[in-house]
Amino acid sequence: MSPPRKLHIKSYGCQMNVYDAQRMVDTLAAEGFVETASVDDADLVILNTCHIREKASEKVYSELGRLRVVKDEAARLGRHVSIAVAGCVAQAEGSEIIRRAPVVDVVVGPQSYHHLPQLLARARSHGRALETEFPVEDKFGFLAPPQPDAIRARGISSFVTVQEGCDKFCTFCVVPYTRGTEVSRPVARIVDDVLRLADNGVREITLIGQNVNAYHGEGPDGRTWSLGTLLHRLAEIPGIVRLRYSTSHPRDVDETLIAAHRDLPALMPFVHLPVQSGSNRVLAAMNRKHTVDDYRRVIDRFRAARQDIAFSSDFIVGFPGETEEDFSATLALVTQIGYAGAYSFKYSPRPGTPAADMREMVTAADMDERLVRLQELIDSQQSAFNVATIGNTVDVLFERAARNPGQIVGRTAYLQPAHVMASTDIIGRVLPVRIDSLERYSLLGELAAPQPTLSQMTPSQMTFPPMTTGA
Ligand code: SAH
Ligand code: SF4
Ligand code: F3S
């Protein structure tokens, strides 16, 4: 038998890329590849790229420059290294990559990963291969499922893609062009994936999609299911103690999602709900299809359903035409909502998007200054949110041994990392922790009570059902 070939994969960008990378690894495992953390001993290197902002997509070419050296060095020693570019830059600039970077053997767009083995074979026989079509079939129906040991190695928390693509066409955004139109996976496939993950030790599932709450998948009853209905179904799966979803659009929050937050203790009270700007004028120019008031109303509906809910968001500063008054409206909205955290970005014009043709650019100096002001406000909200946890007892789902010997790290409902001194037996369990202090963004505490017996556990503390259901 020939020794396994080694695969090194590097992902940039969003959670969808993280998940896709795992599925590429699973698919290539079936072809005899094993993953390696080092680029130097790899036979195949995949760059899984992101096109969302200029900085992200520029990284590809500098990375390819470094890989050329690795490839030449290996060739000198008589070893062939294949280089593949995947992800959103591959989709947006596939032929340019082929033209500009002779080091690249394969370019594969995000909807064609199930064709990777054939593309690698084609590159071997024909020199190079490019595929950036949007095939009609669902790639996830064809990508190999993860093997039990791969699931266990990845830990107790897992992403599952339920929806891909976007039909919203915000004027700044490349996603509708790189990921294509919105497509939802059928409920039965998602349930199968989650059962498989749960059977192999996964306790927390984050459903992901570029526009995850636009989910409208075919249900087992022949009807179209919403995200809220899907969450209700997944909450029944033995072993799954926490559910999350990301990223949502304020326009697509329906009553089933609100009901899921009201009814499902496993659904974590932490919602990433990007608003981008607090100015109606800017929101209209962005084609966000909602106003500031619409957004506030959505937040109120969540809060009415679940009092302890907290929010995070994304913001863009310096969108073309954004005035100081528009920006102040963003600060006012942040102050009013009060976030547990948020990401903020300077506007970056993306080729092919409508906003890239808008003329009224905000100066670099104004953008920098606004970004600092916004980030200061968000940081102060985030630290107030974290400080408020000190002295409280909160549920933590333990994930893994921490770097400090003897410490185990987990996450609170709000994704705050929390460290305790304990044995590794607690990994995979939800246990109450008394929070004593905060170190930067990490909470430190101790297990609040002796571990409860099964009959004392609340459903959210159970890692396994008391009886197997045979599901
Ligand atoms: N689907 C998600 C966002 C995906 S992109 C949503 O609708 O909210 C993640 C974030 O990147 C966006 O929320 C936005 O804040 C930021 N972003 C997208 N395009 C950008 C651009 N051209 N310049 C700066 N930031 C951008
Ligand atoms: Fe991009 Fe807007 Fe779609 Fe989000 S909703 S992915 S920002 S086009
Ligand atoms: Fe980037 Fe594509 Fe995700 S552009 S953010 S990798 S959808």
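A Cβ is built for glycine as well, from the same backbone N, Cα and C atoms used for every other residue.
Heads up, TrEMBL stuff is auto-annotated, nobody curated it.
Given the structure is predicted, the values throughout are model-derived calculations rather than measurements.
Quick look at what TrEMBL lists:
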type	residues	note
DOMAIN	5-125	domain 'MTTase N-terminal'
BINDING	C14, C50, C88	[4Fe-4S] cluster 1 binding site
DOMAIN	152-382	domain 'Radical SAM core'
BINDING	C166, C170, C173	[4Fe-4S] cluster 2 binding site
DOMAIN	387-449	domain 'TRAM'
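Sequence features annotated in TrEMBL and their locations in the structure.
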residue: C14; record: [4Fe-4S] cluster 1 binding site; DSSP (3 states): coil
residue: C50; record: [4Fe-4S] cluster 1 binding site; DSSP (3 states): coil
residue: C88; record: [4Fe-4S] cluster 1 binding site; DSSP (3 states): helix
residue: C166; record: [4Fe-4S] cluster 2 binding site; DSSP (3 states): coil
residue: C173; record: [4Fe-4S] cluster 2 binding site; DSSP (3 states): coil
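When Cβ atoms from all protein chains are considered, those within 10 Å of C170 ([4Fe-4S] cluster 2 binding site) total 21, not counting its own. Long-range C-beta contacts of C166 ([4Fe-4S] cluster 2 binding site), restricted to its own chain and to partners at least six residues apart, with a cutoff below 8 Å, comprise C173, V175, P176, R179, T181, E182, Q210, N211, A214.
Screening the binding-site residues C50, C88, C173 for a C-beta under 6 A from any atom of ligand 1 leaves C173. C170 ([4Fe-4S] cluster 2 binding site) is 17 Å away from C50 ([4Fe-4S] cluster 1 binding site) when you measure Cα to Cα. Rounded to a whole number, the distance between the Cα atoms of C170 ([4Fe-4S] cluster 2 binding site) and C88 ([4Fe-4S] cluster 1 binding site) is 17 Å. Listed in sequence order, the binding-site residues among C14, C166, C170 whose CB lies under 6 angstroms from an atom of ligand 3 come out as C14.
With a cut-off of under 6 Å between the Cβ and any atom of ligand 2, the binding-site residues C50, C88, C166, C170 reduce to C166, C170.
Listed in sequence order, C50, I52, Q210, T247 are the same-chain residues six or more apart from C14 ([4Fe-4S] cluster 1 binding site) with CB atoms under 8 A from its CB.
Counting every protein chain shown, the Cβ of C173 ([4Fe-4S] cluster 2 binding site) has 21 other Cβ atoms within 10 Å. Looking only at the binding-site residues C50, C88, the densest Cβ neighbourhood within 10 Å occurs at C88. Confidence over the domain 'TRAM' (387-449), given as mean pLDDT on the 0 to 100 scale, stands at 96. For the [4Fe-4S] cluster 1 site, the Cβ centre of C14, C50, C88 serves as reference, and the other residues of the chain with Cβ at most 8 Å from it are Y12, G13, M16, N17, T49, H51, I52, A56, G87, V175, T178.
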